[in-house]
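Visitor: Here it is: the structure, laid out below.
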Amino acid sequence: GFFQSYAVEVEVKDASNATCLYAKWMMRFLIKYETNSSDYKNATLDLLSHVTHNGSVCGSETQAALLAVQFGEGHSWSVNFTKNNETYQGDFMTFTYNTNDTAVFPDAKRKGPITIVVKDTMGPVQLNNVFVCHSTESLEAENVTQIFWNVTVQPFVQNGTIGKKESRCRADTPTPAPTVLPTAANVTTASTTTLSPAPTTAPKPVENPDTGNYFLKNGNKTCFLATVGLQLNISQDKPHLMNINPKTTTVDGTCGNTTATLKLNDGNSTLIAFTFVVKNASAGAQKYHLKEVNVTLLNSLNGSVISNADNNNLSKWDAFLGTSYMCRKEQTLEVNEVLQVHTFNLWIQPFLVKENKFSAAEECFADSDLNFLIPIAVGMALGFLIILVFISYVIGRRKSRTGYQSV
């Protein structure tokens, strides 16, 4: 679906009624929570039009500034800022969501407020400058993805006047085009010759995606291994293929005994999560499979529109616990009626990784067919060759007998 969040604007004033902290931004939270039936669901938490900012603090030379907001049924978010003589920067973000809010978290197994704390990624900003970031930024931790866009913020405002000079985030800064010096080869001259229009060329087909290597660690041990090329097929109006670039993709997720999730963030514009579960956990020969895929598309221009697609009723990539799953051929995961995920050169192991290596692989049916067809084809070729030799031998024998009889 498509959603629109409200912009939040907070202006904190000191005892003399002068502005000391100003912020205006948009944000959204994607939260994965466990239900009473031990399944996992995804919730989307948006800021409504009514937001309070109780507890926000101006800050001083010795005290951090604090921007705090409260919204909905017991939800809150805050970030504190520290400074030195020349710069300020974000420190920690604290987010509390309340699963007693049944409108957002129906049938939640764990009740009450849950708090997570993450390190802010905003780097140092010159004092008296206002920090601006229109691009989408996201932070992931403990089954929560925090998404921000259209951010304008300045703590430690001097003399009650918000700075006029902007410090932009890296995502907002365009990469300059290389300068090409004029040469005899690229200088054009005026001409009166009438040129025919260039022929229309068909768009180039999208090539298969590059294969990425991803892993998760639990302490010093690798607990999740994945090698895969990923491609999205979005068909809201017409089919549109989009490759996931492993060079710009960051990895997050969780490892567990019966549930494991791999989250991939492709340059803060696409979030993909794969969730695996162990089935027949009480049986002697335990197996796991892919149960859920979640895809979130972020508007790379201003982040104002977010598309979220989820399929939590899959039964794919089935393998015995302690082994890996491999499928070199292309596979398609149906997320919903308008979005598919294509995988290439897949090799994955979400549980019981040993010595940072894949265990023996269970291959997909498509690969098995290929493995069977190769020896069959070779056998048929050899059989055909033997038949040809035998026929040649029989013909040769007959000619020899004919020759003897004529003599």
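Each Cβ is built from the backbone N, Cα and C atoms, and glycine gets one as well.
Curation does not apply to TrEMBL; its annotations are automatic.
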Visitor: Tell me which of CYS255, CYS327 TrEMBL records as disulfide-bonded to CYS364.
Guide: CYS327
Visitor: Consult TrEMBL and report which candidate among CYS58, CYS169 shares a disulfide bond with CYS133.
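Guide: According to the record, the bonded cysteine is CYS169.
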Visitor: What is the number of other Cβ atoms found within 10 Å of the Cβ of CYS327 (disulfide bond)?
Guide: 23
Visitor: Within its own chain, what residues at least 6 apart in sequence put their Cβ under 8 Å from the Cβ of CYS364 (disulfide bond), listed in sequence order?
Guide: TRP317, TYR325, MET326, CYS327, LYS329, GLN331, LEU346
Visitor: For the disulfide-bonded residues CYS133, CYS169, which Cβ has the most other Cβ atoms within 10 Å, all shown protein chains included?
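Guide: Buried the deepest by this measure is CYS133.
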